[in-house]
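So TrEMBL says this about it:
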DOMAIN    3-117  domain 'Response regulatory'
MOD_RES   D52  4-aspartylphosphate
Amino acid sequence: MPRILLVDDESLLLMLLTDLLEDEGYHIDTATNGDAALAQARACRPALIITDFMMPVMTGLDLARSIRADGALREVPIILVSGAQADIGRGHPDLFQSVIDKPYQNETLLEEVRRLLVQF
């Protein structure tokens, strides 16, 4: 199954999302900030990245810009999951293939994951 990188500074949310996606058969890696996520993405080459917007060290927007600037990662789809900053993500369709507003239903996230990973 495809590898997904989850990025969020809230450890409880990371744990819940990990359980949800592992139950669907995905292999999950996690990072708690954008800087760590960029290093993890370079090391594990995920098929998909799901990131929060507001995080310490590097925002989700800055992470997406860094991913798109990296030749080996530029084609990796990115889902932005955010509350108040979701509109910022929608303003950058070149960076995010999907933007999901918090709070969201698990099935909404799973549908987007399946849609973006249809080739796997």
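Keep in mind that glycine also has a Cβ here, set from the backbone N, Cα and C atoms.
Please treat TrEMBL annotations as automatic predictions, because they have not gone through curation.
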Pull the DSSP breakdown for the domain 'Response regulatory' (3-117) and write it out as helix, strand, coil residue counts.
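Counting residues per DSSP class in the domain 'Response regulatory' (3-117), I get 50 helix, 23 strand, 42 coil.
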Measuring CB to CB from D52 (4-aspartylphosphate), give everything in the same chain under 8 Å that is also at least six residues away in sequence.
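The answer is V7, D8, D9, E10, L13, G60, L80, V81, S82.
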